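K.L.:
Sharing a structure with you now.
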Amino acid sequence: MASLIVLKCGGSTMEELPDEFFATIAKLKQDGKQVVIVHGGGPAINDLLKKLAIEPQFIDGLRVTCEDTMQAVEMVLAGSINKFLVRRVQQAGGKAWGMSGQDAGVIIAQKTVKPLGLVGEIEQVNKEPILAVLAAGCIPVLAPLGIAADGSTVFNINADVAAGAIAAALSADKLMMITDVPGILETQEDGTKTVKAEADSEEIKQMINSGVIYGGMIPKVTSALDALGQGVKEVVICKGTVEDLLKAFANEKTGTSIKGA
Ligand SMILES: Nc1ncnc2c1ncn2[C@@H]1O[C@H](COP(=O)(O)OP(=O)(O)O)[C@@H](O)[C@H]1O
Ligand SMILES: CC(=O)N[C@@H](CCC(=O)OP(=O)(O)O)C(=O)O
């Protein structure tokens, strides 16, 4: 298959990604590149919970998900955000096929043993439905939900974790984590912040321990390392500018590049 890139679009970017972002993806697809989008939606879930008078709660960056919260998560991720992205791709001339990890059993998950309620841990990713969507000439747009093996339960899955597992199952050439910062930032002695061009697993562990990497960046880098351990060639953390996309597909450096040992 042609080179395949998984794009994880963070909820933090939903209102920021310009038309040119989607036009570039549609053009890359026309040129024979394979693109799979996995999206988040944390801020939009928080907005809906606020309207429902439910206080969002997180442990280590993961949402504590009671049944009422799960309903809101499903509405936002599989509903509004997923279809918003489908419309953006189609407005840009591409053909998008929105689905969640529940559909066709793409993400089989089980309830985490952590005290997080209906948060799922991924047991298996079934890549065939994604490959079928690609073969149909469409761009798969996936919401990070999982389904129990017996079909009984829907689970909330962090989008970075879902994107890493999907990239691994597809043996993607690259996983691009598109977020609201241009890469992993480090503070220099003079106080300026610079993007770290490359990071390996040792450096990442040190940056987590020293607090340089915190909050929402933690699931990104841990999922990146997991994906690399499972055969993904490179993970890039970046803002997803048109330049970032073109460089990534041309195999040039952009943002922070994380490579396996
Ligand atoms: N070293 C770091 N460099 C850049 N961002 C960092 C770092 N450590 C933590 N972050 C935080 O991670 C955030 C991105 O994660 P998150 O808010 O979960 O975004 P998304 O919705 O795109 O997944 C940044 O906005 C920043 O606040
Ligand atoms: C278990 C868990 O935390 N799920 C996330 C799923 C969405 C997500 O990850 O969105 P971002 O990419 O915008 O962070 C949540 O409920 O917020």
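Cβ coordinates come from backbone N, Cα and C, glycine included.
Curation does not apply to TrEMBL; its annotations are automatic.
Pulled the feature table from TrEMBL, pasting it below:
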BINDING   G41, G42, R63, N156  substrate binding site
DOMAIN    4-238  domain 'Aspartate/glutamate/uridylate kinase'
SITE      K8  site 'Transition state stabilizer'
SITE      K220  site 'Transition state stabilizer'
K.L.:
I'm checking region-level scores; what's the whole-number mean pLDDT for the domain 'Aspartate/glutamate/uridylate kinase' (4-238)?
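P.N.:
Summarising the domain 'Aspartate/glutamate/uridylate kinase' (4-238) by its mean pLDDT gives 96.
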K.L.:
Could you check what DSSP calls G42 (substrate binding site) once collapsed to helix, strand or coil?
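P.N.:
Going by the DSSP assignment, G42 (substrate binding site) falls within a helical segment, counted as helix.
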K.L.:
Restricting to the record's substrate-binding residues (G41, G42, R63, N156), give me the longest CA-CA distance in Å as a whole number.
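P.N.:
Across G41, G42, R63, N156, the two farthest Cα atoms sit 12 Å apart.
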K.L.:
Give me the long-range Cβ neighbours of G42 (substrate binding site): same chain, 6+ apart, Cβ under 8 Å, in sequence order.
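P.N.:
The list for G42 (substrate binding site) reads G10, G11, S12, R63, A159, G216, given in order along the sequence.
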K.L.:
Under 8 Å Cβ to Cβ from G41 (substrate binding site), same chain, six or more residues apart: give me those in sequence order, or none if nothing qualifies.
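P.N.:
In sequence order, the residues whose Cβ lies under 8 Å from that of G41 (substrate binding site) (at least 6 apart) are G11, M14, V76, L77, I81, A143, A159.
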K.L.:
Please report how many Å separate the Cα atom of K8 (site 'Transition state stabilizer') from that of K220 (site 'Transition state stabilizer'), as a whole number.
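P.N.:
Cα-Cα distance, K8 (site 'Transition state stabilizer') to K220 (site 'Transition state stabilizer'): 10 Å.
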K.L.:
Can you tell me the CA-to-CA distance separating N156 (substrate binding site) and K220 (site 'Transition state stabilizer'), as a whole number of Å?
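P.N.:
Rounded to the nearest whole number, the Cα-Cα distance is 16 Å.
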K.L.:
Show which residues of the chain containing K220 (site 'Transition state stabilizer'), separated from it by at least 6 in sequence, have their CB under 8 Å from its CB.
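P.N.:
Looking at Cβ-Cβ distances below 8 Å from K220 (site 'Transition state stabilizer'), excluding near sequence neighbours, one finds D160, M177, T179, I237.
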K.L.:
Could you check the recorded positions K8, R63 and say which one's CB has the fewest neighbouring CB atoms inside 10 Å?
P.N.:
R63
